[in-house]
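Just below is one structure, and these are the notes that go with it.
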Amino acid sequence: MGACLALCSLASCASCLCGSAPCLLCGCCPSSNNSTITRLVFSFFLLMGTFVSVIMILPGMETQLRKIPGFCKGGTSIPGVENQVDCNVIVGYKSVYRMCFAMTCFFFLFCVIMIRVRSSKDPRAAIQNGFWFFKFLILVGITVGAFFIPDGTFHDVWFYFGLVGSFIFIIIQLILLIDFAHSWNKAWVENAENGNKCWFAGLLSFTVLHYALAIAAVVLFYIYYTMPDNCTEHKVFISLNLIFCVIVSIVSVLPKIQATQPYSGLLQASIISLYTMYVTWSAMTNNPNRKCNPSLLSLVSNVNTTQPSGGSPTGQVQWWDAQGIVGLIIFLFCTLYASIRSSSNTQVNKLMQTEEGGGSGGEGVVGEDGIRRAVDNEEESVTYNYSFFHFHLCLASLYIMMTLTNWYKPETNTQVMQSTMPAVWVKMSSSWLGLGLYLWTLIAPLIFPDRDFS
């Protein structure tokens, strides 16, 4: 009986997975807007690929695979069976590069296909919102093909693709954080104005907390990532970003800014300041000068891991460090938020190619069979730019690749990973550009008073 029920359940979802009907027609999908469901499923594809990459790069994974009889070349063998799999490729940084290459190609393909889709009446909208099983097969096929790419210069070339893509994605992350802080501040201020002053206390508490963490980070940076006669770049990075954060914080509460943007405040500035300090920390951890870049483990255990000056890298890579884990957490938050966001910030909506309130959930439509189905809220016009959304996920794939490999550059000849200064400059320049964008959102209504920035 249970098997019969399971088969019936699978059959009811068949059109959602394999059929030509979009997901909004399926009773197996949640009661929500079609646009939200589609973004969540594509984000799930990205997170699934990220999870596979994490497994592939886990320490000791290659050793465990070599224990499987007849699997890895050079591993445990079975008489009469030739080991065919190169485990150096399917685990470690090589596997992450290939997995993320496949995800990048997958999302870039849909980015091109979905250019200029205006409404769900466009035939391509059915591809966007349905055929999930076939999309999954396409992703799997590209992934399998990626593992047959010869080493050659692939990793070196794709490393620079990762740098450029990650630079853009960090900017998008900052935009999403600005939008989140704006929505947060607006909602709590409105609640407080309705009579409950506790919301003001909550806003003040979180603002103070964010600034306290940012100031503590600056102090720790000066103590552990600078030296009196060395690490000049770090001193400049920390000082500049500290000055820039003070500037945007002051500007955000100026009377003229408040007059044009009443919901602008220190909460947004505090979140931007804290994120800027994280990017600064992340950049300094990629400095190849180990005197200026102590590992977190050495700081906690008070162990000197400083490499002699002029010494060459040993190739020992710490795959999992604190800044990488924090980066993954921020990535997960921004990916989920981008899938369900419903913003009234016109400037951010223009930058993210979305419409105001487009991500809000619906009540669902009850069909003749009594099942609630997702609402097609894009019959007149799409609530988000399909192509830009896939471009965002394409960049996210590159960012995941760089984060999981700690932004290290692979050396094909020596099979080691090395920190590089380009990664440092990419992160720092992205933080400066992000601060510049936030400052522009504050002063643009004053410079162009005739335009609508509400």
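From the backbone N, Cα and C atoms, a Cβ is placed for every residue, glycine too.
A TrEMBL annotation is a machine prediction, not a hand-curated record.
These come from TrEMBL:
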| type | residues | note |
| --- | --- | --- |
| SIGNAL | 1-16 | signal peptide |
| TRANSMEM | 36-58 | transmembrane segment |
| TRANSMEM | 100-119 | transmembrane segment |
| TRANSMEM | 131-150 | transmembrane segment |
| TRANSMEM | 157-178 | transmembrane segment |
| TRANSMEM | 198-224 | transmembrane segment |
| TRANSMEM | 236-257 | transmembrane segment |
| TRANSMEM | 263-281 | transmembrane segment |
| TRANSMEM | 319-340 | transmembrane segment |
| TRANSMEM | 388-408 | transmembrane segment |
| TRANSMEM | 429-448 | transmembrane segment |
Whether the transmembrane segment (388-408) meets the transmembrane segment (157-178): three or more C-beta pairs under 8 angstroms: yes
For the transmembrane segment (263-281), distant same-chain residues with Cβ under 8 A (at least six beyond the ends): 170, 173-174, 177-178, 180-182, 184-186, 189, 203, 206-207, 210-211, 213-214, 217-218, 221, 225, 237-238, 241, 244-245, 248-249, 252-253, 257, 323, 326-327, 330, 427-428, 430-431, 434-435, 438, 442
Listed stretch, out of 36-58, 157-178, 429-448, that has the most CB pairs under 8 angstroms to the transmembrane segment (236-257): 429-448
Sequence-remote partners of the transmembrane segment (429-448) [C-beta within less than 8 Å, at least six residues beyond its ends]: 167, 170-171, 174-175, 178, 240-241, 244-245, 247-248, 251-252, 256-257, 260-261, 264, 268-269, 272, 275-276, 279-280, 283, 347-348
